[in-house]
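Scroll down for the structure; my scribbles are underneath it.
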Protein chains: 2
Amino acid sequence: MELLFLGTSSGTPTKARNVSALALRRAGSKSWCLIDCGEGTQHQILHTPLSLAQLDTLLITHVHGDHCYGLPGLLASAALSGRKQPLRIIAPAAIRSLIDCYQQLTELRLTYAIDFIAVEELVGTNGAQQIITPEFAIDAFPLSHRVPSYAYRFSERQLEGKLDIDKLRAEDIPPGPMWHQLLKGAVLNFNGRQLNGHDYLLAPRQPRAVVIAGDNDEPSCLSEAVAGASLLVHEATFTVDIHHKVGPAAGHSDAARVARFAAGQQLPHLVLSHFSARYGYGSRSPCIADIEQEARQYYAGSLWLANDFDLLHLDKQLQLSVSSLRPSS
Amino acid sequence: MELLFLGTSSGTPTKARNVSALALRRAGSKSWCLIDCGEGTQHQILHTPLSLAQLDTLLITHVHGDHCYGLPGLLASAALSGRKQPLRIIAPAAIRSLIDCYQQLTELRLTYAIDFIAVEELVGTNGAQQIITPEFAIDAFPLSHRVPSYAYRFSERQLEGKLDIDKLRAEDIPPGPMWHQLLKGAVLNFNGRQLNGHDYLLAPRQPRAVVIAGDNDEPSCLSEAVAGASLLVHEATFTVDIHHKVGPAAGHSDAARVARFAAGQQLPHLVLSHFSARYGYGSRSPCIADIEQEARQYYAGSLWLANDFDLLHLDKQLQLSVSSLRPSS
């Protein structure tokens, strides 16, 4: 699974960081999901291999502008490039109204249908509902913020099957096209016996799961979401000292709060993002290094502080590697 | 007068050009006007000396997304940076509704008042109305496009006075504080005579006027607007050949059409912008050089094809010079 950060700043863009957006896909797949779409997300995408025509699902965590003001422009550009395939959008219901406003007031004419799913319905009183895409099962979880905010959990689907070769050999089933059919789950007749492919598949590996959280001041809301997950992306807008100065009304987390939660859940990988614009790259406080240092005090697992254009690869052995797609100029 | 181009692409951003936005100010002034605000305009501003706190008037030419989708993010960032001064917005009435949608649906909370002026009222049946800002008199003119679109004419105000020194000396009025008071228009008693400052001022120079047009397929709509103006900024979305392929329904102009109009009006300076993303920087057609070549066939005046971050300076002698504020990385 690959995560490509398109924006890692909170509230307002800086010269180095755009506002929130994160692309997720299975490595090697052209199809992808976009989680949040701050203003300028389509501009960031121009510098990546991602194509608006191949965007499968667009998810919004909450209605604040730094998470959704890039939506109308991205929808317009997808139409200008001739997209025909329907686009699935999972978002707070207010986002549907916002798109309606744009269509009525600014002549936004789309060349494709929008399959809009209100996230409120996925976590409603009728019990949680899962969205199944070709590559992921997606669950939503409510968080705690100034406005309703959500986390999305992506669990991979269609795990590759693996034949139990020892069993096939023990039963004298010869290698060749029959093995290939059994791998696909076919039921075959062989020497008067009925063979069911499912009887010759090894137990699949654990599916990888990652959780992408929106703005949230109570990481414990995510206890259920991160159970069995390998990686959590969570905001760390502040360090504790500045969080105290700003006060709790902002509805954000500090690095210590998130790190303690991740440690308690024994999460293998924690990725922090959504940094207040006051944290600079240099070594003079407040700086990004302050956030990292604070998180490491509480969390001994694999920690990464996201930058725009960071590409994170979570392999099947649940190892994380990071490279950068930042354009050179 | 200074014009700083913040976006020169039509419809969709490219790696080299953002969608429409143009800053205008008197040279040396911190106060400025913004004409159009495509998505990512606030990002472009980060790379310039312009401050959102000093934005005096924000004008929108029409409701298409590439001219206004950056508005909510810019308003939000101005609030986050603590702006208190009211912001004048001159725009189609639908933009007021769009801002209302944002305030209702996305919790956009502004720290300053918006003084909204519907451009329809400026050109209404009751006759044209002028908006007076500290530095400019602004007139609006209707254009021809798929949706109502407008041009704005900025005429400078507060021309600096100049004393008629020959006359002062001929009347034996001695240099010193009195000259300074006369320059300010004071009425003084001197040797039993009453002196009126206005009698000792030379006729002011011609005020500079520039016209910034929105999308428009009939340049002749601008005949009245450009009378006496020194500079017109107009879209040249296409060259004639591609315009024929696209067809007239787009409601845009080609370079030849605008250039013929500018020649007929004997306009001193013509600046083209809003180029279709299909025109590249290189020498392989279709390219920006094609647009320039086509315009030069019809217009022998001072011609400039705008790039993002081009800073155009129109001096008091109506000479135009160009530099670039493009960030180096």
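Just so you know, glycine gets a Cβ as well, placed from its N, Cα and C.
Those TrEMBL annotations? Automatic predictions, nothing curated.
These figures come from a predicted structure and were not determined experimentally.
The Zn(2+) 1 binding site annotation in TrEMBL covers B:HIS62, B:HIS64, B:HIS145, B:ASP215. Secondary structure at B:HIS62 (Zn(2+) 1 binding site), as computed by DSSP, is coil.
Cβ environment of B:ASP215 (Zn(2+) 1 binding site): B:THR61, B:HIS62, B:HIS64, B:HIS67, B:LEU143, B:HIS145, B:ARG146, B:SER149, B:GLU235, B:THR237, B:GLY251, B:HIS252, B:HIS274 lie under 8 Å away, each six or more residues apart in the same chain. DSSP assigns B:ASP215 (Zn(2+) 1 binding site) to coil in the three-state reduction, outside any helix or strand. The Zn(2+) 2 binding site annotation in TrEMBL covers B:ASP66, B:HIS67, B:ASP215, B:HIS274.
Per TrEMBL, the feature active site, proton acceptor maps to B:ASP66. Around B:ASP66 (Zn(2+) 2 binding site), the same-chain residues at least 6 positions away in sequence with a Cβ under 8 Å from its Cβ are B:SER9, B:SER10, B:GLY11, B:THR12, B:VAL19, B:SER20, B:GLY38, B:GLU39.
Proximity to chain A, defined as a C-beta distance under 8 Å, is registered for the following binding-site residues out of B:HIS64, B:HIS145, B:ASP215, B:HIS274: B:HIS64. A 10 Å cutoff on Cβ-Cβ distances gives B:HIS145 (Zn(2+) 1 binding site) a total of 23 other Cβ atoms nearby, all chains included. Counting every protein chain shown, the Cβ of B:HIS64 (Zn(2+) 1 binding site) has 26 other Cβ atoms within 10 Å.
Neighbours of the Zn(2+) 2 site: apart from B:ASP66, B:HIS67, B:ASP215, B:HIS274, residues of the same chain with C-beta atoms within 8 angstroms of the site's C-beta centroid are B:SER10, B:GLY11, B:VAL19, B:SER20, B:ASP36, B:GLY38, B:THR61, B:HIS62, B:HIS64, B:GLY214, B:GLU235. Listed in chain order, the extra residues whose Cβ falls within 8 Å of the Cβ center of the Zn(2+) 1 site residues B:HIS62, B:HIS64, B:HIS145, B:ASP215 are B:THR61, B:VAL63, B:HIS67, B:LEU143, B:ARG146, B:VAL147, B:SER149, B:GLY214, B:ASN216, B:GLY251.
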